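First the structure, in the form of C-alpha cells, and then the observations on it.
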C-alpha cells in the first residue's frame, strides 16, 4: 500500500501518533510522525510483533521487568512471576467465574486477587499489581520503543508520542473500555486516547486498498477475526460516492462473537492431547500432580502454542519438552486429525459468529449471506485449516478473501482511524458510521422504571437529553443509575442537602425540572454530560422558555467495578515512572557491562593469536595482560551485579589501554630491530629535540623584539606573555615538552651506549620492542607538542598585539582630551599634558605608531601596517581571548 493513497500531508505539529493492536497473546504497534510515516515499531529482536505480557522478578532486592519474546523463556521457569493474556482481565472482577477459570487454565501459577475497587490484581512476590498497572507497563514499553524509533529518524529531539489509538474487541463493555483507558492514563501519554474496534480497523484498511468500488453501490463484507480469545464477525458496507473526491462510506451493520472458538481454545485442546500422551507413557505421574505443577503446565501450554502454528501448515507436529516433570524429558507427535477430532462434534460453532451477525443486523439493509461480496480473514487462528474449511462450506471458497495481511490489517486500520480522530495528519477522507451493540438506559432515584437513552444500534458518538420533573421534596441526594443493557455500570450521586433549598427558593411558584444530558462518546463510553436545573414559573411554558436556575457539577460516581480514582492514577503512575527510571539506569549499566565483556573476550582471542605468532618466545608483557584478562573475567562472574556504570567504564578504559599497548607489541614483532634501525630512531629523536630548541629560541627572540615598545608604555612583555599562556592553559604543554625531552635525551644516551658496546645485539626481543615503542611514542608526542607550541605562540602574540594597540589608543585619547582643555588649567595639569606628549612621542619614535609587526612561525617579519581601521576592529573584537585582558588595561 502506497503512503500516497493514505496521506495527503502532515499538519505542522510535532505530536507523534502511536497505533497499538493490543491483542491477548501478541502486540503490534505502528508509529506516525513527520519523519516516520506509518512504520511498524520493531521489537528488540527486529520482529514486527511482540508477546503480550510482563514478567516481574525481585532479584537481589532489585525489581526486574521483562517484556516481549524474553517472556517465552521465563514463563516456564517463573510462571508465578509472569503476567500474560492481561486483556481478558480488564474490567472484570473475581465474581466473573468463567473468566477466572479460563485465565488460570492458560496461566498456571498466576495468583489472582481482588482490589478495593472490586477489580482484579495479580500478586507477584507478595506485591499486589492491579491489572491496569500491569497493562500500563506493557504499553509504556511499547511507547518507549516508538519514541526511540522517532529519535533515530528525527534528530531534532522534539517529536515524541503524545497520541495513542488502541484496537480492541468490539464486544468490550464499558468497564473493560474504561479499564484500558485508565491503563493508558498511567503511561507518559497524557492526551485522550481513542479506542478502535478490531472489525472497523480491518474495514478501514480494506477500504483504502480497494480502488475498484462501484459508484453509489454498497458492497457488503464480513470481517471474520479468529483471535486468541474468540471468533468475531463484523458486517460492514463500503460505498464510493459519485464524486470521487468525497469520502468513502464505511458503515458497521452488525457484530457477533463466539467465545468457544479461538486460539486459546485450540491451544487448550492441543495441551490436553499432550497431557494425555505424557500420562499414558508415565503412569506413575498422576493427572492431579501434573495439573497442579505450574512449571509443567506452562511448558505444556508453550509447546501447544508452537504445535498449533505447525499444524496450520503441516499434517503433524513434533512435541519436545525437556524436564517436564521429575527431570523426565518428553517427546511425542501430534497429528492434525487428532486435533480436529476434538472439535468434530462442534465444528459448526466455528462460523456461529458469522451467522449471528447476519441474523442480528443493526441497520435497515437486512442483507443475506448471498449478498456478501467476501469474507476478510483476520487473526492468527484464521489460518487453522478447520476454520477455513467451515467458512468455505458456509459462503463458498471463492468468497474467502486471502489477499489481506491477517497479521497487520488491524494495526493499519486502527492507526488510520486514530489519525482521523486526532487530526494530526491529513489522511484520505472517510465517512464512518458505527453503531452501539447495547442499549443504554438511566434510572433516577424515585422513578419506578428506567428510561432508554440510546437504543441498541444507535450511531455514536451521540448526545441525548431527558427532562425530569423534580420531586416535590428533595432528600439528601439524587441518584442516576446508568445501565449498559441490564448491567448497572455507573451511579451518579448528587448531594442535594443545601443546593435543593436554593433551587426551591428560586422557583417558589413554579415547577422545577432537571434536564439531564447524556453522552455516548467516540470510545462508546456512556456518561452524564451535565445536569441543568430549570424552572417553569407559570406551569404552562414550553421547555425552551424554562428559566435557568443552576448547573450541577458536583457529582460523585460509584459502580460495582470501579475505575481508578485520580489519586490512584497519580500513585500508580509515579510508581511506574520510578521503575522506568531504574530500568533505564540498569539498562545503561547492562550495556556498559556488555561492552566490557565483549572487550575482555576479544582480548582473550587476541592473546591466543599473539601466542600463536610468538611461537616459543615468551613476553612478560603478554603474561601480565593474560593474567589481567583472566582476573577481570573471574571478577565479573562473581561481582557484575554489584558494579556501577562508573566502575565498569573505568575498567573498559583500562582494558582498552592495555590492549592498545599489546597491539603495538604485536605489530612490532616483524619490525627491523638492529643497530642501524635504532640509530635511525636516535637521529629522529635528536631532530625533534633540536626542533623544540629552535622554536624556543625563535619565541624568545620575538619577545625581545617587542620588549622595548612594551617598556615605553609601562608593560613587561615577558610577564604578559606568561600570563596569557597561563590563562589559556598553554603553559602545561611547555612543561610536558620539557619532561619528554629529558626522558628522550636519557633514552638516546642509553641506546647510544648500547649500540657502542654492541650490547643491543644481546637484548631480548621484548626489550627491543619496548625500547622501539618508547622512542616512537616520545618522538610522536614531542612532534605534536612542537606543532601545538608554534600555534599557541602565534595566538599569544596576536593577543599581545591587541593589548599594545588598546594601550596606544588610550594614550592617544588622553592626549586629545588634554589638547581640548582650556588654557586656564593649573600648572599640575600642564605638567601632566607635557608628560603624556613625551610618552607618546617615545612610544611612536620608531616604526608604525599604532601597530606591532607580527612574525610568522619561521621568524620572517610580516607587514603589520594594514591601517588603523583594521587595528581598531581587532581592538573591538569581543572574542573570549581578548576579553581576558580588559581588566589589565
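Even glycines carry a Cβ here, placed using N, Cα and C.
Per Swiss-Prot, the feature compositional bias 'Acidic residues' maps to 820-833, 868-889. What Swiss-Prot lists as N-linked glycosylation site is 111, 366, 462, 502, 515, 716, 752. Residues annotated as region 'Disordered' in Swiss-Prot: 811-889. Residues or ranges marked as motif 'Prevents secretion from ER' by Swiss-Prot: 886-889. The signal peptide feature in Swiss-Prot is assigned to 1-15.
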To see if you understand the setup: which same-chain residues, six or more apart in sequence, place their Cβ under 8 Å from that of residue 716 (N-linked glycosylation site)?
710
Among the glycosylation sites listed here, 111, 366, 462, 502, whose Cβ has the fewest other Cβ atoms inside 10 Å?
366
Out of the glycosylation sites 515, 752, the residue with the smallest number of other Cβ atoms within 10 Å is 752
Reported as an integer number of Å, what is the Cα distance between residue 515 (N-linked glycosylation site) and residue 462 (N-linked glycosylation site)?
17
Rounded Cα separation (Å) that holds between residue 462 (N-linked glycosylation site) and residue 366 (N-linked glycosylation site):
23
Is residue 716 (N-linked glycosylation site) helix, strand or coil when read with DSSP?
coil
Can you grab the distance from residue 111 (N-linked glycosylation site) over to residue 366 (N-linked glycosylation site)? Cα atoms, rounded to a whole Å.
47
So what's the average pLDDT for the motif 'Prevents secretion from ER' (886-889)?
32
Determine, to the nearest whole angstrom, how far the Cα atom of residue 366 (N-linked glycosylation site) is from the Cα atom of residue 502 (N-linked glycosylation site).
53
